[in-house]
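Inspection log for the structure reproduced underneath, given as structure tokens.
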Amino acid sequence: MVEAIRVPDIVPLEHILPDEPLLMMGAGPVPIPAAVAAANSIVINHLGDTMNQVIAQVKEMGRYVFQTSSSHVMGVGGPGSAAMEMAIANLVHPGDKVLCICNGYFSKRMAEMVSRVRGEPTLLHIDNNESASVELVQRELAKGNYAAITLVQGETSNTVCNHSLGSIARMAHEHGCLVIVDAVCTLSTMALDMDAWQVDAVITGGQKGLSSIPGVSLLAFSEHAWAKKIASRSHQPYHWCLDAQLADQFWNQKSYHYTAPVSGILALHEALRLVCAETLPRRFARHQQCSEALQAGIEALGLALLVPKQHRLNSVIGIVTPDHVSSDVVRAHMSRVHKVEISGAFGLNILRIGQMGEQSRAHNLFRTLHAFGSSMQAGGASLDLPAGMAELERSLSRHAIAQGAS
Ligand SMILES: Cc1ncc(COP(=O)(O)O)c(C=O)c1O
């Protein structure tokens, strides 16, 4: 055979990847525990007794993490966005009016997904890096006959948290709306009580709070939403892969939908197992204590946080880059010299440091704050690095959990 396309010159991975892996302290993906990495290296049959036992446990642990007794917990082979699209494709029918609360980039993505499945989104923009208030949402709900609302718990893009999520969800339910929540960066880092708050779909990715791998995601539908929009539907959703009825064959009926990403599901199993071992209250406390200590350290350096405390997300911290300093230069210096990676932002002049899953460990905070402060100085910022490190130490030492004590 004559090869029309020649064999490409390929550089082996070992020459592409850095000798020393970067500490991933950005907005995700985050570092994964050894048990998750080990599980991710295994391939088993996607059907059969072994996989059935794994799936049963993933669902059971998912119910704990989502705080729901719903029987409709399922995974999806795809990014967090695929889980968002699965929730929307199954709960929004053509012509449904949907109120999309938009705090930033990811909440707007849900509005776009609503229009792609032929729903009719109304965008409620929340400006100035603020959380959505119950009053504002209530006023908007009173105007229209909405079938659903979408909102994000934590808006990773600008580090705003919708702290009133529970009250908004309950109120929207009273208006007859289904409530679809993106908890991609927040699940298992802060409270989300799906059943108590009457949320109808919760979406998460693997690569953030759960400290698993990207590309395998988890979501839950309430029994109410399942009965109202999925079990009794009269039309088929546009997406075959994301059809919840078909997915149910795999997740609840031990049969085939598509070949599940077995290694990623095994990784997710281990990530969830570690969440269960830690327990949610302790995990929330660890995240809060670590994030607040890091925030205090950053402010003691002399830098400003983007979002005021009452609207601020703890899972991802947004730091204002001083005017004469380049965010790109700071990030490049951190990666090259300190082997610590953080994130830039979506058009905002901020740098973002994650506090999700394994990122929220005292040793990672010390390394990151030092690398950040000294890279800021190298980039031309004038700040007090010893004061920042001392404040981090002081703040962490007040909290036994953040230090790893049991
Ligand atoms: C809040 C939020 N929603 C959705 C997504 C989309 O997740 P993915 O990139 O895995 O599709 C992200 C990713 O950063 C996110 O932070």
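Note: Cβ is positioned from N, Cα and C throughout, glycine not excepted.
Quick look at what TrEMBL lists:
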- Arg352: substrate binding site (BINDING)
- 44-331: domain 'Aminotransferase class V' (DOMAIN)
- Lys208: N6-(pyridoxal phosphate)lysine (MOD_RES)
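When the recorded positions Lys208, Arg352 are compared by the number of other CB atoms within 10 angstroms of each CB, Arg352 has the fewest.
Distance between Cα atoms for Lys208 (N6-(pyridoxal phosphate)lysine) and Arg352 (substrate binding site): 14 Å, as a whole number.
According to its DSSP assignment, Lys208 (N6-(pyridoxal phosphate)lysine) is coil. If you average pLDDT over the domain 'Aminotransferase class V' (44-331) in this model, you get 97.
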